[in-house]
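The feature active site, proton acceptor is assigned by Swiss-Prot to Lys66, with sequence analysis given as support. Positions annotated as shikimate binding site by Swiss-Prot: Ser15, Lys16, Ser17, Thr62, Asn87, Asp103, Tyr218. Sequence annotations record features per position, and here Swiss-Prot assigns NADP(+) binding site to Gly128, Ala129, Gly130, Gly131, Ala132, Asn152, Arg153, Thr154, Pro155, Ala156, Lys157, Met216, Gly240 based on sequence analysis.
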Amino acid sequence: MPDRYAVMGNPIAHSKSPQIHTAFAQQTGQALTYTGLQVEAGKLAEAITAFQQQEGKGLNITIPLKAEAWRLVDQCSPQAQRAKAVNTILLEKNGALLGDNTDGVGLVRDLINNHGGRITGQQVLLLGAGGAASGVIEALLKEHPSHLIIVNRTPAKAIELAARFSPFGAITGGGYELLENNSFHLIINATASSLQGELPPLPRGILRSGGWVYDMMYGNEPTIFMKWGQTHGAARSLDGLGMLVEQAAEAFFIWRKVRPKSAPIIAQLRREMDIKNPAMPL
């Protein structure tokens, strides 16, 4: 019997994780199945118990369940503990749940390895202070940007995140007023605004000459945030598809101790992207 894996979230129909992990399994010669399971907020513990009873081996967790997963696991990696968000669970034979967060690794690998980007010494702006943001802050700071600024419509959330991650580097959090008279080499959108076709309130001149923009959402067409970057002189306007594949590759390694090649899967997904879904979350 192949080992069983799944991704849990709501909504889940859009998820490309089953396709990605099936491709990884074929590429590496691993015998496993991977499915998408819709789970409502507040029902994750029940869903995980049912999956364990079916001898499941591991789970990915997507929106809106990452914080709930963090509260449920028996043990988690230091980065997941600090992020207070879990996107990968290893189900031990004794029933223990081991949690991790691979989002930060996925973002940094996509930016640096796949696109030749640079974080070290750069002024970096992170938009949003939810689970998508908290999962990537530590990985960004470990690349030693000159300064990381987090802004959020509710400033207190960004301030709390900055305080939590201050041991890892120069970081400031607050409201969008922090952006006045400031400019950045790299702007990362960790909000869900692209899903609604909306833009965060960014002032003119916020992107430095030659700067990059990165939207954690992805789609067949450029997201509205990527288009904003293109019209404001971005040297590169990138979406989060590569991050999705890279965080999945890290999760696959945690489960199977085999590291798949991500580039062929990213290229395959680009070819197959459904035009009916212009923006999708990780």
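Using N, Cα and C of the backbone, Cβ positions are placed for all residues, glycine too.
Annotated features taken from Swiss-Prot, shown on the structure.
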{"residue": "Ser15", "record": "shikimate binding site", "Cβ within 10 Å": "22"}
{"residue": "Ser17", "record": "shikimate binding site", "Cβ within 10 Å": "24"}
{"residue": "Thr62", "record": "shikimate binding site", "Cβ within 10 Å": "23"}
{"residue": "Asp103", "record": "shikimate binding site", "Cβ within 10 Å": "32"}
{"residue": "Gly128", "record": "NADP(+) binding site", "Cβ within 10 Å": "23"}
{"residue": "Gly130", "record": "NADP(+) binding site", "Cβ within 10 Å": "19"}
{"residue": "Ala132", "record": "NADP(+) binding site", "Cβ within 10 Å": "26"}
{"residue": "Arg153", "record": "NADP(+) binding site", "Cβ within 10 Å": "14"}
{"residue": "Tyr218", "record": "shikimate binding site", "Cβ within 10 Å": "27"}
{"residue": "Gly240", "record": "NADP(+) binding site", "Cβ within 10 Å": "29"}
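Note on proximity: among Gly128, Gly130, Ala132, Arg153, Lys157, the binding-site residues of the record, the Cα nearest Ser17 (shikimate binding site) is that of Ala132.
If you take the C-beta of Pro155 (NADP(+) binding site) and look for same-chain residues 6 or more apart in sequence within under 8 angstroms, you find Gly173, Gly174, Gly175.
Here the Cβ of Lys16 (shikimate binding site) has 22 other Cβ atoms within 10 Å, regardless of which shown protein chain they belong to. Note: the CA-CA distance between Lys157 (NADP(+) binding site) and the residue listed as 'active site, proton acceptor' rounds to 17 Å. Around the Cβ of Asn87 (shikimate binding site), 31 further Cβ atoms fall within 10 Å across all displayed protein chains.
For Thr62 (shikimate binding site), the nearest neighbour among the listed binding-site residues (Gly130, Ala132, Arg153), judged by C-alpha distance, is Ala132. Working note on the recorded positions Lys66, Lys157: by count of other C-beta atoms within 10 Å of each C-beta, Lys66 ranks first.
Classification of Ser15 (shikimate binding site) by DSSP places it in coil, neither helical nor stranded. Secondary structure from DSSP puts Pro155 (NADP(+) binding site) in a helix. Listed in sequence order, the recorded positions from Lys66, Gly128, Gly130, Arg153, Gly240 having a Cα within 10 Å of the Cα of Asn87 (shikimate binding site) are Lys66.
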